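One structure is given here, and the rest of the page talks about it.
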Amino acid sequence: MAQDDNRSKALNAALSQIERQFGKGAVMRLGDTPRVATPAISTGSLGLDIALGVGGLPMGRVVEIFGPESSGKTTMTLSVIAQGQKQGKTCAFIDAEHALDPTYAEKLGVNLDDLLVSQPDTGEQALEICDMLVRSGGVDVIVVDSVAALTPRAEIEGEMGDSHVGLQARLMSQALRKVTGNIKNANCMVMFVNQIRMKIGVMFGNPETTTGGNALKFYSSVRLDIRRTGSVKQGDEAIGNETRVKVVKNKVAPPFRQAEFQILYGKGIYHAGEVVDIGVQQGLVDKAGAWYSYQGNKIGQGKANAAQFLEDNPAIMEEIENEIRARLLSTPKPEAESQEKAAAAQDDDSLV
């Protein structure tokens with residue numbers, strides 16, 4: 001017992017010295033902080049929010065979205081920005097590809113007047129702007145589109161055909177080392193859009209890899225693999241893409257879940273269609289033949305008409321969506337838990 005007391009005193013002395021040297025809160029017991037559910041921003045896709053396990057993409061983390069060309073990567077990031085702006089959050093878009101279409105962004109629900117946009121000349125400039133925005137503490141969501149377009153200054157100033165081996169990977173590695181701590185402190189989500197490249201000479205396994213080295217894979221809390229699986233057709237005309245998103249890495253919930261949804265051209269993620277599909281799966285929306293009904297009332301013949309009814313009646317759609325989220329998102333109630341523990345501790349004290 002005496003030895004335990006000495007160890008405890010030594011630990012307390014060390015903690016006091018650390019707090020004096022580095023400030024209060026430099027070291028603390030994990031149980032001292034209140035447990036809160038991970039704050040998240042919806043992706044705009046109900047199925048993907050459920051697959052992510054926390055109702056969306058987590059705040060204060062790095063997120064990577066990658067996939068082939070025209071798979072919906074930028075559409076996904078603009079959808080997240082639109083959802084964030086609805087919650088009153090400040091969003092920024094670092095357009096390294098110089099390909100942002102304001103008209104399309106507006107159609108997806110983005111408020112252009114409030115969106116901060118930067119079109120940097122070099123990769124260093126883009127990441128420096130990102131770091132300064134994070135450190136300001138006034139930005140909630142930052143999108144970098146894309147990692148492949150973050151061209152190092154040496155490459156831009158050099159001759160065409162010059163070899164710059166590993167330059168972009170070193171740039172990303174250094175930037176992420178610098179910015180990660182600030183991202184957590186500012187509770188800001190930074191989303192990196194990435195492209196796919198092929199590894200040469202791979203005989204077995206997946207030859208696909210993402211650009212910018214391995215650092216982003218390690219620092220990301222969530223990695224989403226987005227793919228186009230087919231076309232949505234109205235008669236002979238293609239009006240959208242069938243899209244599948246796989247959560248290949250998730251530090252805030254179980255990974256490897258999948259979500260499938262439609263992205264309609266000029267409209268974005270087909271949210272009402274997802275609510276109908278998942279509502280049928282959960283037994284909230286009844287389907288008899290081609291007719292869909294909710295609480296005994298017919299809402300439309302065919303999925304398109306049922307979805308249109310929900311779009312015209314947002315209160316009913318919100319009611320169905322809230323019920324789906326309550327059933328499928330097993331979010332703990334940390335406040336209730338902490339209150340129960342406090343009450344139990346008081347009971348124990350009174351018994352003593």
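Cβ coordinates come from backbone N, Cα and C, glycine included.
Straight from Swiss-Prot, the features:
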BINDING   Gly67, Pro68, Glu69, Ser70, Ser71, Gly72, Lys73, Thr74  ATP binding site
REGION    330-352  region 'Disordered'
Have a look around Gly72 (ATP binding site) and count the other CB atoms within 10 A of its CB, chains all included.
23
Glu69 (ATP binding site) has how many other Cβ neighbours within 10 Å of its own Cβ?
8
So how many other Cβ atoms are close to Ser70 (ATP binding site), meaning within 10 Å of its Cβ?
10
Can you give me the same-chain residues 6 or more apart in sequence from Lys73 (ATP binding site) with a CB-CB distance under 8 Å?
Ile65, Phe66, Gly67, Asp145, Ser146, Val193, Asn194, Ile226
Applying the rule Cβ within 8 Å of the centroid of the Cβ atoms of Gly67, Pro68, Glu69, Ser70, Ser71, Gly72, Lys73, Thr74, what extra residues of the same chain belong around the ATP site?
Ile226, Arg228
List the same-chain residues at least 6 positions away in sequence whose Cβ sits under 8 Å from the Cβ of Pro68 (ATP binding site), in sequence order, or say none.
Ile196, Arg227, Arg228
Would you mind listing, in sequence order, the residues at least six apart from Ser71 (ATP binding site) in the same chain with a Cβ closer than 8 Å to its Cβ?
Ile226, Arg227, Arg228, Asn241, Thr243
Could you list the residues of the same chain, at least six apart in sequence, whose Cβ is under 8 A from the Cβ of Thr74 (ATP binding site)?
Ala99, Leu100, Asp145, Val193
